[in-house]
């Protein structure tokens, strides 16, 4: 055994042995030595995009997964921990444009490097199940399921106003528009009308909502709430404002009815205007004869189409000059075009009730529109000068200024108004959803080809199943001018499957969220080229633990749930939900340093380039560049980012201090679900702990060898031996509990305390002490093994544990020796007249009389009682003894 800890050689030796043994190859229905079947556990991290290198967020995510997998294997579970690559998407195209190489080469080069990094981390991944989204063997099944959905009417083609990213030249889903900008390019999003394929996720809205509310107790509450809000079920009333507005053909536009939806039917008598979306037929009609309105409509097409984007945008409008009729009062109501109204939500029109809706109130104040109060609350004074929250209190209010509906409570007013509108044939109660069908068509090259052929005679024709996959050419180099598939004759040219005439392939590819909606099931059946999934999927799924970032709460997780339900309804699955438990790990943060450039931009500096300036309390208040002493701004801590020069390269850390140091730090520094603030001193502390562990093993190697060979009778062991065993087993019990709670930072803390206890124990020489050293160090190595597998495995080998107990890879999780936790002696606090004066040690089962006698005989008692005899002695069992005199 080498005297000093050398992480590179230790980790290389461990990994070579594990790879030669195929240590992490997993099979279904694995058996115990007695022939019984092991329980299964499927633990999976969200698959990475192969961007080039791992970042510390990856290291944290995968180490959490690896700790869980290793510890559960020790507990006797058959654990699956797979890995794959979310390999399609725009970044590969952008990189290809920049480097002038095909996206396929860039992607596969990155995969090779990142896979090497993952292996260097010592992750217990079954690489035989690896999948890659850009492999035709994988995306064939995207295409196959799309065709099945097309047959069932779940997939369909339509023309609709969409979010268009002018830089990436593609359609974005609502969820991919952040603050009015494309989530990848950052470009302002435009609205365009374009044909594409959609999936009817709205058909599953009720089930998606019901199950996320009631059937996912293992998910974080905030994620469930985010999905509930995104699905957005609303119970309300859909009704029409009649009108006589005719189009150029002389027919009434939309049959003379402007439909709106409201959840506040009790306020209908307060409508003073209606607003329609810029794409609404009434807006289009009015704009034909109004140049100013036409210009406003075009302006509205800039920006996204999400509710979140609309909520932050300044509300603007323009009158159309058109009016509709209030269905209950007969009053003429002005129609406006509003930039905050979405054509894709409801009927593309809203009623304006300024007195009882904050958005409408602001709009009416801005444009001088009437504000009519129709709900009053006792004790509240109505005013049109400023919005007051009580206006929206529907339960406490009563209707006013509402004719025959005056004096009604919310539900009574809703029911009465709904009944009258229904009787007129212009209204009915209805449930609506914020959720919209999922548009999957993308005008980009690097994605799954949509298996459709366009024929001049037959129209869009599905590619026959036997012709799948439609293979994406992997040698194209994008030039930034749109989709290169549209210029590739070899891909485009084909024959119509229906009539045999020359035809053209669909050039749109699928949204990359299609790839990530089911990859975790392909891990279970990776080698099946005849079916999307097979019986092995029934064995592993649903997944027991999914691990990933909170940023995927709405996008990926909602789509994966929908995809699972579609596969179930097609007879491919026998379960409803894909993920039983979800852990959202916190971000990794680091310090941010910057200053403005002369050109008005911002220049960021690496933390190692600066020296911090501290205040009297030790807080960072500024920084100076090391190279010239000039000042830079300290921006606090934020998520590690290449753009802000505050990332830490995991490879550099692995090369210098080892993967175990990186793993130990990211697990110890913070609970898994909370943010982790990077600390160089914390990393050094983690490495120092590992050096101490190695030094302890080296120092006690001979004693451990003797102890493993001889054992001991613990009942007859000296008191220091019993005390060490009691302390270590107590820490084992705590670590065991914390492993089950996924509180891995406190697991590491327990291991550090174990090391201190073993290192500091004043053990006498002899067989019992040797056996105690062997036992307690062996316990520490097993508890610590899931965190830092390389050093613990190597010490296990070098110290002789493998010879006596087998390979650490196969070692069972240690059981707590309850007998070791029972103390022969206990310590009681000693008080004299209620004040703490020391402590005494007594037999754990000492009778009260013995405790009183021992306490009264203490020197401290005589001194503080000044020689007087005690009047009485009070014993609080297991805690203290108080001598009163």
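Placed from the backbone N, Cα and C atoms, the Cβ positions cover glycine too.
Among the features that Swiss-Prot reports, motif ''HIGH' region' is placed at 48-58. Per-residue confidence over the motif ''HIGH' region' (48-58) averages out at a pLDDT of 93.
Taking DSSP states H, G and I as helix and E and B as strand, the motif ''KMSKS' region' (639-643) has 0 helix, 1 strand, 4 coil. Taken from Swiss-Prot, the feature motif ''KMSKS' region' covers 639-643.
The 10 Å shell around the Cβ of residue 642 (ATP binding site) contains 11 further Cβ atoms across the protein chains shown. Residues or ranges marked as ATP binding site in Swiss-Prot: 642.
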Counts of helix, strand and coil residues, the motif ''HIGH' region' (48-58), according to DSSP: 3 helix, 0 strand, 8 coil
